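**Student:** Have a look at this one before I ask anything.
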Number of protein chains: 2
Amino acid sequence: MYKLLHELQVELGERSYPIIIGKGMLGEFDLSGYVGGSQVMIVTNDVVAPMYLEKAKASFPGKTIDALVLPDGEKHKDWQTLNLIFDALLENQHTRKTTLVALGGGVIGDMTGFAAACYQRGVPFIQIPTTLLSQVDSSVGGKTGINHPLGKNMVGAFHQPEVVLIDTDSLQTLPPREVSAGLAEVIKYGLIRDTAFLDWLEQAMGQLVAFDSEALGEAIFRSCACKADVVGQDERESGIRATLNLGHTFGHAIETFAGYGNWLHGEAVGTGMIMAADLSLREGSINRADYDRVVRIVLKAGLPSQPPEQMTPADFMSLMAVDKKNVDGKLRLVLLKAVGEAEVTSEASPENLKATLNAFCYQDN
Amino acid sequence: MYKLLHELQVELGERSYPIIIGKGMLGEFDLSGYVGGSQVMIVTNDVVAPMYLEKAKASFPGKTIDALVLPDGEKHKDWQTLNLIFDALLENQHTRKTTLVALGGGVIGDMTGFAAACYQRGVPFIQIPTTLLSQVDSSVGGKTGINHPLGKNMVGAFHQPEVVLIDTDSLQTLPPREVSAGLAEVIKYGLIRDTAFLDWLEQAMGQLVAFDSEALGEAIFRSCACKADVVGQDERESGIRATLNLGHTFGHAIETFAGYGNWLHGEAVGTGMIMAADLSLREGSINRADYDRVVRIVLKAGLPSQPPEQMTPADFMSLMAVDKKNVDGKLRLVLLKAVGEAEVTSEASPENLKATLNAFCYQDN
């Protein structure tokens, strides 16, 4: 029998949906009430399928279930793989009343959500995220999409799920590196808006990296609550939602430079948050002790603190210029005003930015 | 100097937008007030570009304008061509404040609109439809998308434009066959909801097929007003909007069978409307005189009245089963309750449907 740990509601008017967090949920918790029609298509990957696909099917009693198993990995978050979802839907004659189910990490969630946004101009979908990163980040807020050779997540849609089901048991099979990557986003919530949560994380980090179920459940709940609160205020990222991108502009540049999939997203965000903190320090927004606190918690989570050795300041500048957070040519960055408070600004001094890049890159231009 | 003929508003709450109809508009009428940022990307095709691209550019004074010329034709309404738009946007560092402009017929409008819906999860776009079909149909209502080998428009989004600019002068360069195809949708509006408009069309059809500017302007305005009214009541096609699909289920089957682009969409809809009228007659909803009236006006517009010679009833059945208007396996059709009134039904008798298919197909199963 499952054990329900937490439940919260993402408030988005008629697009509101619940996030259900528990232990032993998969296959035990009945999701069929969230399926409007009779058809379900579960999309997963070849790593997750052997462990969880049959269990996931058991969560939809009474429905006609098809399943599609995609190759695992960020490098498959592309048109070709997305099209396999449309092929499967059409070959199995799924109508516009079908429900798609994303069973896997962020790549599966983003692609399946985008497929749901586009199939016959939009069908419902359900998220069952199985990695820490996807549980605390990509399953909340409705951002979906795929990568383009010239930039990450450049093609996509906002499309909210009907429900998100998080089973903490699925974390027990994750490699430690992926848990660390997920913790980068967890730390981010503390840094941008919740000092009390950051205090708790500094205490609990040892348990978190040791896969302690209870600690992980609490971290997921508080992260989702942070993100749900932000997204509820600003679904389309016209304002406060952009602060969720702390570390992401530097991080995306690192991911693109390294080639998708070589650095995990969370690893790049970990280093990116340290770089953003460094720039915040140079801008005079935070002090040295704040900066050290950021570095310490990122390192304690087992995350890297420097970009790839071959990467130059010029690489950063060129890769950040096409980052989608830029508006009309100005480089927008999320910086810390304090530990627990972030701001979006296009006004960071170019000299300070250059100094940060020089300090973090092994190579000159 | 341009001459403004008509202006109407599509009422969709915060997504409302105007349709501006006139003579000599392109290059003369200033659209820059509808562009939020500084960047514009005009997407057009290799038939339209030589005639209208430079003029279109002149409608955006003060903006940074890029242009992309795609190959012409329905067969290019696919992933590969759509990706060329994303490539061009990223190569030219277009940000999320860019505006896309669709200059061309329905294929350009649907693809450019879908690219706008997906680029960086959604950017604004403007429609400048240059064919009669796109002016009276696809430029109103926000349906965007691409084809899949297993079905037309199977992948897409609802995405409303900022403004639609219709220049009746652009019709003067159209082949007669394309004007006829556009008239199929014009006739449709009369058949489903506006008997007075149908009366007028029966009088004016001779002028319309002779490219009379004033008659065409009037037909466009009344068609757009019909469609804007329907879409305003039901943006996401949960109810009345589905009546706009009169003739389309049969028509899509014809288009798919013939191979995209061999039959024009409007030609297939013309034949499809006659088949729908035939089924309505067999169902006892309309009488023989009504049916004859439908056949007469479709023929007068220069449209075909029978499906391709090689097409069998079995072809129809198999191609209609995956049509996206079906909900949970039931074949939904738009039928006439009277001339000027349509209904969506899943209750048509299978025997009558079979009789209609047998009557229209040259071949048996």
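All residue numbers here begin at 1 and follow the chain in the order shown.
Backbone N, Cα and C atoms are what each Cβ position is placed from, and that goes for glycine too.
TrEMBL lists these features:
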type: DOMAIN; residues: B:68-180; note: domain '3-dehydroquinate synthase N-terminal'
type: BINDING; residues: B:72-77, B:106-110, B:130-131, B:Lys143, B:Lys152; note: NAD(+) binding site
type: DOMAIN; residues: B:182-326; note: domain '3-dehydroquinate synthase C-terminal'
type: BINDING; residues: B:Glu185, B:His248, B:His265; note: Zn(2+) binding site
**Student:** How many Å lie between the Cα of B:Thr131 (NAD(+) binding site) and the Cα of B:His265 (Zn(2+) binding site)?
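**Tutor:** Here the two Cα atoms are 12 Å apart.
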**Student:** If you count other C-beta atoms within 10 angstroms, which of the binding-site residues B:Asp72, B:Asp110 is the most crowded?
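**Tutor:** That would be B:Asp110, with the most Cβ atoms nearby.
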**Student:** In the same chain, outside B:Glu185, B:His248, B:His265, whose C-beta lies within 8 angstroms of the Cβ mean position for the Zn(2+) site?
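**Tutor:** The answer, listed by sequence position, is B:Leu133, B:Asp137, B:Ala184, B:Lys188, B:Gly247, B:Gly251, B:Gly266, B:Ala268, B:Val269, B:Gly272.
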**Student:** Among the binding-site residues listed here (B:Asp72, B:Glu74, B:Ile108), which has the Cα closest to the Cα of B:His265 (Zn(2+) binding site)?
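**Tutor:** For B:His265 (Zn(2+) binding site), the closest Cα among B:Asp72, B:Glu74, B:Ile108 is found at B:Glu74.
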**Student:** Between B:Glu185 (Zn(2+) binding site) and B:His76 (NAD(+) binding site), what is the CA-CA distance rounded to a whole number of Å?
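**Tutor:** Pair distance, Cα basis, whole Å: 22 Å.
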**Student:** What Cα-Cα separation, expressed in whole Å, is found between B:Gly106 (NAD(+) binding site) and B:His248 (Zn(2+) binding site)?
**Tutor:** 15
**Student:** Look up B:Lys152 (NAD(+) binding site) in the DSSP assignment and report helix, strand or coil.
**Tutor:** strand
**Student:** Averaged over the domain '3-dehydroquinate synthase N-terminal' (B:68-180), what pLDDT does the prediction give?
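**Tutor:** Averaged over the domain '3-dehydroquinate synthase N-terminal' (B:68-180), per-residue pLDDT gives 95.
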**Student:** Take the C-alpha atoms of B:Glu74 (NAD(+) binding site) and B:His248 (Zn(2+) binding site) and report the distance between them in angstrom, rounded.
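**Tutor:** Rounded to a whole number, the Cα-Cα distance is 16 Å.
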**Student:** Taking the Cβ of B:Thr131 (NAD(+) binding site) as centre, how many other Cβ atoms lie within 10 Å?
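**Tutor:** Step by step: centre on the Cβ of B:Thr131 (NAD(+) binding site), count other Cβ atoms within 10 Å, giving 28.
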**Student:** Measuring Cα to Cα, how many Å separate B:His248 (Zn(2+) binding site) from B:His76 (NAD(+) binding site)?
**Tutor:** 21
